[in-house]
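Visitor: Below: one structure in C-alpha cells.
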Amino acid sequence: ASYEILVIARPVRGRLTTFLSRLFPRIFVNRSLALEKIKCFGFDMDYTLAVYTSPDYEELTFELLLEHLVSIGYPPEILAYKYDPAFPTRGLIFDARYGNLLKVDSHGNLLACAHGFHFLKGSEIWNYYPNKFIQRDDTKRFHILNTLFNLTETYLLACLVDFFTSLSRYTNYETGYRQGNLFMSFRSMFQDVREAMDYVHLSGCLKEKMLQNLEKYVVKDPRIPLLLSRMKDAGKMFLATNSDYNYTDAIMTYLLDFGEGNTVSQPHRAWRTYFDLIVVDTRKPLFFVEGTVLRQVNTDTGKLRIGTYTGAHQHCAVYSGGSSDMICDLLGVKGKEILYIGDHIFGDILKSKKRQGWRTFLVVPEVAKELQVWTEKNGEAFLVFSRHLDSGSSECPDISTIKKQIQNVTHEMDMCYGKMGSLFHCGSRQTLFANQLMRYADLYAASFVNFLYYPFSYVFRAPAALMPHESTVEHIKTESTEMDFMHQLRQQVSRPRPESCALSPLLLLRLNRQLLSLLS
C-alpha cells in the first residue's frame, strides 16, 4: 500500500516579523573563523562601504548606456526601454552564440533560459542545448554576469534581443539579425554592451551625475563610522578600491562626515583616519596576482606623484596601484590574519582566497530578500510523503497532480524573488553563484554592518559538513525525532484553529526545506 499526505501551511505575518528581525542582522558561516585571530580588516568600497540606492542607481546607469549605444549607431527606438528591477538577477550567463541568458548550476546544467524576455521551455531549450548542459570553460562564448554592476548590463542585453526580435525589418537568425547587407551577431551585440559599460564607468559621465546628487544615489548609514572605529580599535584597517582618488574621496567624505566622531561629544574625523592604508586604482583582480606599479597620491590635487613608491608605510597616506603582497608588507600582516570584505565574488573574494589565503567576507544584499521570501511569503508550502514503498513494489503511485501543485508553488515562490528567480536556488538545485559563495566566502551577510552585533572575540562556527554515508548515522538517530515532527505537524494541521493562527515559523521553514528536496 502507498499513500501521500499533502499539507498546506500559511504563515502569519505578525509572528514572522519578530522571527525575521533575528535573522537579518546575522552573519552566515561557511568556514569557522575566530575574530580574535584577525589582525587586519580590509574593505572594498563600491557596494560594500558605499551601498548604491536601488533601483535609482541602475536606472541612471541604464539611461546612460542607452544614450551611448544610440550615439554609436543603434536605433533611437531603444530609448523607449525603461529599467525593470524585477527582471535581472546576478549570476546569469550570456550565451554570445545564441543570445540567451542562462541560469546554471555549478556543473553547467541549465536551470532557466531566456531569449530576450521570452523564457524558453521544454523543446525550445533542447533545440539550443540538446543535453541542457553547457561548457562553462568556453569563456569566449559564455560570459558570467556576477556583480551588482552587471544588473544593468544583464537587463540591457535582454532589451536588445527583445527589440531586434520583435521588429519586422530585421530577419532573425540563430546567431543574430540581418537587415539588408548588414548582419549583427549576438557576439558583437555583447561586445557593444560591454564597451558601453566601460565607457559609462571610465569616462566619468556616471560618476559626475552621481556626485551631483549623492543623497539620491548613495545610502548614508550612521552605523558605518561607529563600526569602523570599533574595527580600528580591534586591528589594522585598509581600503582597496578600483575607483580613482577624487571619486573615492567624495564618496567616503559623504559616508563618514556626520559632523562628529563616534559620539556627539567627539570632534569631527577626516575619513582617512579610519584606515591605516588606502589604495585606489587597484585594478582588481589583477591586484591579487602580479599587481601594478605602486605610486603615491597627492591628496591635495588628486594627482599621482612621479615614480614608483619604495618607502616605508606612512599612516593615512593614499597609494595608487600596487598589489596584495604590498598590503601584507606595508602593514606587517600575513594572509590568514586578514579578513577582506567585498561584494565581488571573483574580483574580491575568489582571487584573495586562492592567491593570498586571506579570510573572506562576501556582502550579498540579496540575502535580506531571500530570507523575507522564505519566511514571510503568503503563499503555500507543500509537504509530500510516500511510505510503504520499497524495491519490491510493482505499482507506481500516481503523483502527477501533486507534482503539478509543487511546480506551481515553486514557480510562484521563484517569482517573489524576481522574474529570473532566486539568486541561490532553482527548485532544490543550487545556482552557480550559490556554489561559488559557499566555496570561496568564509562569511557572508546582507551587509558588513552586521558586525556591529558581534563582539570581536566572537568565534563564527560553521556547521559540521558530513558526507552522505556519514550522515546516515545521524539519520538513524533522528528517525524518532522526525516521527515526532510528523505527529506535531498533523496535530497542528488537523486541530481547529482561529483564522489568525498558523504553523510556527520554525515548522514552516522545515516544510519549505522538505518541499525543495522534492524538486529536482
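Cβ coordinates come from backbone N, Cα and C, glycine included.
As annotated in TrEMBL:
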- ASP44: active site, nucleophile (ACT_SITE)
- ASP46: active site, proton donor (ACT_SITE)
- ASP44, ASP343: Mg(2+) binding site (BINDING)
- ASP46: GMP binding site (BINDING)
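What's the neighbourhood like for these features in this structure?
Guide: Under 8 Å, Cβ to Cβ, and six or more positions away along its own chain, ASP44 (active site, nucleophile) finds ALA240, THR241, LYS284, TYR340, ILE341, GLY342, ASP343, HIS344, ASP348. In the three-state DSSP reading, ASP44 (active site, nucleophile) counts as coil.
Taking a C-beta cut-off of under 8 angstroms and a sequence separation of 6 or more, ASP46 (active site, proton donor) has the following same-chain neighbours: TYR52, PHE149, THR241, ASN242, SER243, ASP343.
The secondary structure of ASP343 (Mg(2+) binding site), as reduced to three states from DSSP, is coil rather than helix or strand. Its own atom aside, the Cβ of ASP343 (Mg(2+) binding site) has 24 Cβ atoms within 10 angstroms in the protein chains shown.
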